[in-house]
């Protein structure tokens, strides 16, 4: 829809910061002491804490049975159908017997039903978390520690028992950390995980999962590895031992994989007509998170997390509350109690096929590369660095490296913002970059400078340097030349005063010696010579006094040290306006940099103004003692236009053409 052009007029006086505060009756906001409410003891406070940390007591009494129960039942059964095979398969990723995947699919899910706050996420085994657990169990309890002396085979019973203990202890520790971090509201750290970083990380994790399952697909015996480059060595060993593959295992995995793919395609096609998804995996032999892991660890579970795929299924199949999770956990409990023995001898090739097929969603994230290439190259760089770091350094170190790189990239981007000289768009009070807007014109006699990022210690020096460069004059060199000339003039004045003093002393000593000597006849002659000499000395002294006096007058005169009087080039503008609308905070380095800008430009006879500061920034300027006798709030204006008009009406030197002000 095309916007119709309409003229509007706003009449108001020019406003600097002081006038704006008086007009708007500004007052600082007093902070509330939240810790006082934390220490209050009352019945209402105790009830609020109970409902906060045990939310099931808040929503379960108000649960609308008729409206939501059927949807939660169907959703819970759908999630359980997915949870069962995934629990069995992901236990394999954790290096544990499959039955412990079922344990981890029951206890944590039921605990989340009691303590969870989200109505839609599905808690349970997760591929990435399982791989991280597996890296711990396989590194602390490797196969080499359980070799039997007789035939050099691995004692799997003892190995699995040791790994189960490690996984349970890890789950308890993870739960303790999560509960502690949840109590101090440490969840804000997820804001530092950008979407490209998460996608790159999960894609790399899916590649690691895929490679780790190849030994089960081909029936190979591989060495246990962990740490950086372990996945590369595993892939090389798989390729080296491919001739030793077991054909029966390969066929089993292939058939199971094909069946799973076909069933998933049918589910996608018929999902609108099916009340429950087809259980394809079963057809191929069947703070809240912290407490889930903490209590689950007591029952020999390994750490769990939120599953993206199951959460999507839970919501899409009509799940309304945490009741759906309770239903799925009860279904898993029935399987554990009644049908658990059926899954004891489940071929690992089938589980590996189930894992690989379920990686489809994460592996499809490779398509992000094309979209990010077109949309944002920096986000693509984060994606690629995260992916490569996770592949090479493993999941834990890879994530740390990715987060560090992402934060460094943010700092780097703020160090190189876009700097611009602004011009006025004709017949408006809008100012835009003259390099981007062809109709924007610089206001004669006034430079307007803007940065697209906040100014702080990492880019303050670059801000000052770019400002001086954009102004088209070498400010530092001009100040240096001015100081040299003033110093030279001062030295010349001192030299003249010193010469005058010496000549006066010499004249005084000669006059004394003449009055002491001699007889009368010679006295007359010398007296004549003396008068001539004194006359010369007086005239010379007078000339010296005049020169010194004129030098002193020049030094004291207002125009004696100006650029024009010194014969130096003058800037083609008399005022500088700093558009500080992009500032979100200021630090001590920024304050010092701004003060130096005021000092340097005033040295070259240019007055500096600031404009468009947000109130929190003004408060920080006051707290940092930025304003003083030379820089006041009258140098800070409500908008760039206010500052420009004021600068034209009050130039530092020389008259301003009234046409310029009128045109604004």
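Here the Cβ of each residue, glycine as well, is placed from N, Cα and C on the backbone.
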Range annotated as transmembrane segment in TrEMBL, from 12-37, 38-63, 90-115: 90-115
Annotated transmembrane segment segment (source TrEMBL; candidates 278-297, 298-317, 318-337): 318-337
Touch test for the transmembrane segment (318-337) and the transmembrane segment (68-84), at least 3 Cβ pairs under 8 Å: yes
Reported mean pLDDT - the coiled coil (479-506): 87
Contact ranking winner - 68-84, 90-115, 169-192, 246-266 against the transmembrane segment (380-412), Cβ under 8 Å: 169-192
Outside the transmembrane segment (90-115), six or more residues from its ends: residues with CB under 8 Å to it: 53-56, 83-84, 122-127, 130-131, 133-134, 137-138, 141, 160, 163-164, 167, 209, 212-213, 216, 287-289, 291-293, 295-296, 299-302, 304, 322-323, 325-326, 328-330, 332-333, 335-336, 340, 343-344, 346, 348, 351-352, 355
